[in-house]
Amino acid sequence: MAHAERTFIAVKPDGVQRGLVGEIIKRFEQKGFRLVALKFLQASEELLKQHYIDLKDRPFFPGLVKYMGSGPVVAMVWEGLNVVKTGRVMLGETNPADSKPGTIRGDFCIQVGRNIIHGSDSVKSAEKEISLWFKPEELVEYKSCAFDWIYE
């Protein structure tokens, strides 16, 4: 396989509360991506402010941090060929109204403020987000038995 990359995916509090964690994991697994890390946690305000630092000057920033801290989240790292780009396609548009049926947001969301999932928007962002949410030793290295059936 060509260079595999990693992406950071987080099921937001609304996705956890609505019982969509399993469905989201299922979609990434069925696509052929490999889960290398997973945490179920109540994110601290400090962690969330660091995660969304690029949005700190936007008017919705305080509300976003409050919403993301309102309940538990599921933080994950997925690996595979073009996983950042493909993962974003699987998520759908940030605004669910613009998301196509078949995408996670297109199938399960109505409003942008409750769009159930976050996914890294670039390889650089993924690296930053992964290092923010996970220690290096929390990323598990293994070869999936399905690997040879997914990649040439």
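Glycine too: its Cβ is placed from the backbone N, Cα and C atoms.
What Swiss-Prot records for His118 is active site, pros-phosphohistidine intermediate. If you look up Swiss-Prot, you'll see Lys12, Phe60, Arg88, Thr94, Arg105, Asn115 marked as ATP binding site. Taken from Swiss-Prot, the feature region 'Interaction with AKAP13' covers 1-66, and the record attributes it to similarity to another entry.
Non-local contacts of Arg88 (ATP binding site) by the CB criterion (under 8 A, 6+ apart in sequence, same chain) comprise Gly119, Ser120, Asp121.
Within 10 Å of the C-beta atom of Thr94 (ATP binding site) sit 15 other C-beta atoms, taking all shown protein chains into account. When every Cα pair among Lys12, Phe60, Arg88, Thr94, Arg105, Asn115 is compared, the largest distance found for this ATP site is 22 Å.
A coil conformation is recorded for Thr94 (ATP binding site) in the three-state DSSP classification, outside any helix or strand.
In this view, Arg105 (ATP binding site) is surrounded by 22 other Cβ atoms within 10 Å of its Cβ, with every protein chain counted. If you take the C-beta of Lys12 (ATP binding site) and look for same-chain residues 6 or more apart in sequence within under 8 angstroms, you find Tyr67, Met68, Val73, Arg114, Asn115, Ile116, Ile117, His118.
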